[in-house]
Amino acid sequence: MSKSLNIIWQYIRAFVLIYACLYAGIFLASLLPITIPGSIIGMLILFVLLALQILPAKWVNPGCYVLIRYMALLFVPIGVGVMQYFDLLRAQFGPVVVSCAISTLVVFVVVSWSSHLIHGERKVVGQKGTKK
């Protein structure tokens, strides 16, 4: 019985911590003069707490595993909600596709530049000497 209670406690603790970060993010979003979704701020709060090791990762792992396991199911309501605006999406299909393509390219360039900035130029494995 003690093992079962321990497992239940781990799941409850994980979800309480995840939701505490979410609601802290929602609260901070309501105070900020710019529009940033509270869920994004909550994720950043959780990331900072984990990165600074203020919050041990083992405390949130059980809840994260459950959320990741059922992630596809969690997108179903969002897909149904988007279908309510099908006519609007069909009318704006071109601009949506163009903005998605451009933003994807911008992300590729920024990640590539950041990676080169952080890691510097390294010799590729199997590559002979480079001419400079």
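Using N, Cα and C of the backbone, Cβ positions are placed for all residues, glycine too.
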- Recorded membrane side (Swiss-Prot) equal for Q53 and H119: yes
- Lying 6 or more residues past either end of the transmembrane segment (7-27) yet within Cβ distance under 8 Å of it, the residues of that chain are 38-46, 49, 55, 59-64, 66-67
- Same-chain residues at least 6 beyond the ends of the topological domain 'Periplasmic' (52-62) whose Cβ lies under 8 Å from its Cβ atoms: 7, 10-11, 13-14, 17-18, 46
